[in-house]
Amino acid sequence: MSAQEFYQGGNQRGYQQQQFPPPPGGPPQDQNGGKQEYVPPQGQPPNYNMKPSQPYASTNPETGGQPVYQDTAPFSQANEKTGERMNPRKRVNDIIPLILFIAAVVGFAVVSGIAIHGFVQVNGLGGGMGDSSIGRTGSSITLDYHTVYLLLVVVALGLVIASLYLAALRAFTKIILEVTLALTVILNIGICIYYFIIQYWSGAIIFLIIALVSVFFYWGMRKRIPLAKLLLQTTIDVTKHHPSVYVVVFIGLIIQAAVSVWYTFTCIAIYVKWTPGSAACSDGGCSSSKVAGLVFYATFSYLWLSQVIGNVILCTLAGGVFGGWYYYGPRTPGGGVPKRASLLAFVRASTLSLGSIAFGSLLVTILELLRLILQLFRQYEAGQGDMIGSILICIAQCCIGCIQWMVEYFNKYAYIEIALYGKSYIPAAKDTWRLLKDRGIDALVNDSLVGTALMWGAYINGFLCAVLGYFYLRFTHPAYNSDGQYSAPVILFSFLIGLNESFTVGSAIDAGVSTIFVGLGEDPMVLAERSPGLFEMIRQVYPRVVQGVPH
């Protein structure tokens, strides 16, 4: 089920491929293969009613001479995309992965319930929990009002700093992109020099390679800043008009945190419940192998569930506000982004497309599990003094880590295809492969520039929150920190709060930039018809946009 069908009940908006007539007095159309060369309009250029600093764009530009773009073979198969490809059947995709995912989550919940129930019954081995008839032998830690105030102030400061950084990024996009790119290169060189000074040779060699690569690519990436700047400005403007995207990502963050806490307690409870000799092991069915197997299963289910949650959020953003803006334009009394776009996209992502999301997430989960298993083997070999075996396993870990990164990057665009066009995972992966073959370098550089700018904003936010935590402890002198023993944990926790808040806000921006990039590759003429002024600005900094992705 496509975004258009889902939002409009199957009514098409008329985004069929058009042959733009040449402007009056312009050269005749080239009939060779139906192609025409770009010819600027004659006379006074049309007024698109759009300022360059506001790429959010109006959906109703004044009529006038239309720019003529080169019609390649044809615009990313526009007829196909506005036909059957944009209207897949309304059905649940990838049913088998969906069933496996549901079974894994239900099994995890059952194991967790049994384990935590046994854990609570024996007071958590002195952890202060359980039936009062048995006795609460554990000690508890109570947060006083100083800690509560600190957490509230740090959270508020983190949100304010994240908002201010986005405002600065919107106002000074090009400057911040250039500065953060240069800072990344300088940081890599600095870490490399530091490791050489302290004679940490393995780390020094790794960062020497990273520094050389970053210096080599620096100049090439600078040339692509104009496109990243325009897409970033457009995305920030979209989110300014639709702040619900931030609500979506923060809800996702809260759910992820809750699932992580659930997994942590489950693993602890599994050890308590089934470890031989434990007070909770009363039925004689305990063994170390059972503990290992259940922890492995819990870890697998947790990683898969965590991946699915994050990818459902991505599909909600891509198929909701950002996809709705690209295909329908800004919200107006007569149309634009559909109402409750995020809610509708979430419903589709968590029902019809959940199997496709689970399919892609399973691939990443398997790779992450392999990496964790290799980590355990490497620690074992190092403990046995087998350095050669440890080095070989470390190399294997690096290889699997690289493969995992590539699969995750590939999957991000596949999920956007799923969110926009309602595909199952395999067709989405095929179209993503075509997209990345044709625009892979452009997408990678664009994501790197945007990601670097957002990353430095997160570090700045985390640092300022940590400074606030330090000064708060210094001037309030809470009783629990009379000897300064909790200063480091509180400062670190403050840093992590600010860091995560910025990364959460940044994930919405990253999703928007990638969604618009996919739209420009798959259906460039949609934006050309809806907002020719914005499309012309993009064409000036990225001429390939008029070609579309061949299929």
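Every residue gets a Cβ built from N, Cα and C, even glycine.
Per Swiss-Prot, these features apply:
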- 1-72: region 'Disordered' (REGION)
- 1-94: topological domain 'Cytoplasmic' (TOPO_DOM)
- 8-19: compositional bias 'Low complexity' (COMPBIAS)
- 45-63: compositional bias 'Polar residues' (COMPBIAS)
- 95-115: transmembrane segment (TRANSMEM)
- 116-147: topological domain 'Extracellular' (TOPO_DOM)
- 148-168: transmembrane segment (TRANSMEM)
- 169-177: topological domain 'Cytoplasmic' (TOPO_DOM)
- 178-198: transmembrane segment (TRANSMEM)
- 201-221: transmembrane segment (TRANSMEM)
- 222-244: topological domain 'Cytoplasmic' (TOPO_DOM)
- 245-265: transmembrane segment (TRANSMEM)
- 266-307: topological domain 'Extracellular' (TOPO_DOM)
- 308-328: transmembrane segment (TRANSMEM)
- 329-356: topological domain 'Cytoplasmic' (TOPO_DOM)
- 357-377: transmembrane segment (TRANSMEM)
- 378-386: topological domain 'Extracellular' (TOPO_DOM)
- 387-407: transmembrane segment (TRANSMEM)
- 408-452: topological domain 'Cytoplasmic' (TOPO_DOM)
- 453-473: transmembrane segment (TRANSMEM)
- 474-488: topological domain 'Extracellular' (TOPO_DOM)
- 489-509: transmembrane segment (TRANSMEM)
- 510-551: topological domain 'Cytoplasmic' (TOPO_DOM)
- Message: Applying the under-8 angstroms CB criterion, which one of 95-115, 178-198, 357-377 scores highest with the transmembrane segment (453-473)?
- Response: 178-198
- Six or more residues out from either end of the topological domain 'Cytoplasmic' (222-244), which same-chain residues have a Cβ under 8 Å from its Cβ atoms? 53-57, 166, 169-170, 173-174, 177-178, 181, 321-322, 325, 330-331, 337, 341-342, 442, 445-446, 449-450, 453, 508-509, 512-513, 516-517, 534, 537-538, 541-542
- the transmembrane segment (489-509) and the transmembrane segment (95-115) contact flag, 3+ Cβ pairs under 8 angstroms: no
- For the topological domain 'Cytoplasmic' (222-244), the DSSP helix/strand/coil residue counts are 19 helix, 0 strand, 4 coil
- Per DSSP, what is the residue tally for the topological domain 'Cytoplasmic' (329-356) in helix, strand and coil? 12 helix, 2 strand, 14 coil
- Sequence-remote contacts (6 or more beyond its ends) of the transmembrane segment (148-168), Cβ cut-off under 8 Å? 176, 236, 457, 460-461, 464-465, 468-469, 472-473, 490, 494, 497-498, 501-502, 505, 509
- Message: Tell me if the transmembrane segment (245-265) touches the transmembrane segment (357-377). I count contact as 3 or more CB pairs below 8 A, with pairs 6 or more residues apart.
- Response: no
- Item | Helix-strand-coil residue split for the topological domain 'Cytoplasmic' (169-177), DSSP-based | 8 helix, 0 strand, 1 coil
- Message: Under 8 Å between C-beta atoms and at least six residues away from its ends: which parts of the chain pack against the topological domain 'Cytoplasmic' (169-177)?
- Response: 225-226, 228-229, 232-233, 236-237, 449, 452-453, 457
- Item | Across the topological domain 'Cytoplasmic' (329-356), average pLDDT on the 0 to 100 scale | 85
- Helix, strand and coil residue totals from DSSP for the topological domain 'Extracellular' (474-488) stand at 8 helix, 0 strand, 7 coil
